[in-house]
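Trainee: This is the structure I have questions about; it appears just below.
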Amino acid sequence: MASYMSGFGNELSSEDPRCPGALPEGQNSPQVCPYGLYAEQLSGSAFTCPRPSNKRSWLYRILPSVKHKPFTLMSCGNLTEDWNEVEPDPNQLRWLPFAIPKATERKVDFVAGLHTVCGAGDAKSRNGIGIHMYTCNTSMVDRCFNNSDGDFLIVPQQGELLITTEFGKMTVEPNEICVIQQGMRFSVDVFGETRGYILEVYGAHFELPDLGPIGANGLASPRDFLCPVAWYEDRKVATGYTIINKYQGKLFACQQNFSPFNVVAWHGNYTPYKYNLKNFMVINCVAFDHADPSIFTVLTAKSTRPGVAIADFVIFPPRWGVADHTFRPPYYHRNCMSEFMGLIKGHYEAKEEGFQPGGASLHSIMSPHGPDADCFEKNSTAELKPERVAEGTMAFMFESSFSMAVTKWGLQTCQKLDKSYYQCWEPLRSHFNPNWKLTKNLNLLLLPIL
């Protein structure tokens, strides 16, 4: 069973108990490290960043990561940063659950099972995002992955992941998430047909959102974020161990004859981490109207513009709905942000049919969207008593200030695009009544809240 230390962005230290005293005392790079280890720094920020945003960790390893053969270009499969493959599409888009390949037909591991759905920006200029699906059925064997372009926020939807990193091991199940930050090597074991979502950000790291008037507590608590403890293997691989590197949107591979997970001890504040979504402390309306979805933000990757995110990770967890004289589901909306939604389990309140676990939707910048016709009619006449909302459900949203382009795989190759999506709004009918009495309805609005 994996072990963890808690805290978001903390200065932490860990050493494998098989090698007590492996961490140097009083300095980072002694002339001779304990146990004859190599000292290696992994920097997640510029050296000169202000202290609150300076990210780095020191790794003490059996062999340094520089010992490998040259990188060579390899096939990217359906992983891409080409946002001009097909013409732009401003329509509301929805995908049925993405297919998972059967192990009996072909074995697909995490890297081979990466598929880019949409994105924007440029890894070279360090400004942008990519949204990917992973669908796989077999574990990575003697190969690992690292992303030189940005951070991966991984959202499992089906199947547990056992993720081995240079910092140690993490198990991540559906309804949990993990973040593998830029440059960190990791390998993924799976235990059957496995599927999930990935939000990739270039040029920024995820952080906890500011709480403002909420105060000191609420949303995701820093103590609920977990990072692994040191674990190493001193293993030679005579047949070759493959390092796969995502660099400037392409994949490259190199060979070495030893496991990269040979870090005996480490310290710093730049680590992989995981979080259980059930620990999110929900803020919600208790009087009237519908609060903006920003109250459900778990993590944000900020842009240089105050209050505008490269990407927000937002969830819609089980909660109480109690608002009076209010249409409680999400309102009809046109947004200057892009909204990509996925469903981990259950039924999303605004679209109980069609939007399925393992599927997705994209409402692009200024594309109108909102509850389907059935949801509107039901909730316009519902008795407004306190009720549990989204019980047994977990939907989420990747929201971004970028105008995202959908890939050829997303629009065509995957063959999961629901071309009838627009029809869920077709039954909406006019309720306009020119003889409506203003005073009567105002009196209804002025009734005391019980």
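Using N, Cα and C of the backbone, Cβ positions are placed for all residues, glycine too.
Not measured: the values here are computed from a predicted model.
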Trainee: In TrEMBL, which of the ranges 1-25, 51-75 has the region 'Disordered' annotation?
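Mentor: Spelled out, TrEMBL records region 'Disordered' over residues 1-25, not the other listed ranges.
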Trainee: Within its own chain, what residues at least 6 apart in sequence put their Cβ under 8 Å from the Cβ of HIS333 (Fe cation binding site), listed in sequence order?
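Mentor: Expected: PRO368, HIS369, GLY370.
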Trainee: Looking only at Cβ atoms, how many others are within 10 Å of the one on HIS290 (active site, proton acceptor)?
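Mentor: Neighbour count, Cβ to Cβ under the 10 Å cut-off: 15.
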Trainee: Within the same chain, and leaving aside HIS333, GLU339, HIS369, name every residue whose CB is within 8 angstroms of the centroid of the CB atoms belonging to the recorded Fe cation site, in sequence order.
Mentor: PRO330, ARG334, ASN335, HIS363, SER367, PRO368, GLY370
Trainee: Can you grab the distance from GLU339 (Fe cation binding site) over to HIS290 (active site, proton acceptor)? Cα atoms, rounded to a whole Å.
Mentor: 18
Trainee: When DSSP states are grouped into helix, strand and coil, how many residues of the region 'Disordered' (1-25) land in each?
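Mentor: In the region 'Disordered' (1-25), the DSSP-based counts are 0 helix, 7 strand, 18 coil.
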Trainee: Under 8 Å Cβ to Cβ from TYR348 (homogentisate binding site), same chain, six or more residues apart: give me those in sequence order, or none if nothing qualifies.
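Mentor: Counting only residues 6 or more apart in sequence, the Cβ neighbours of TYR348 (homogentisate binding site) under 8 Å are PHE316, MET341, PHE355, ALA390, THR393, ALA395.
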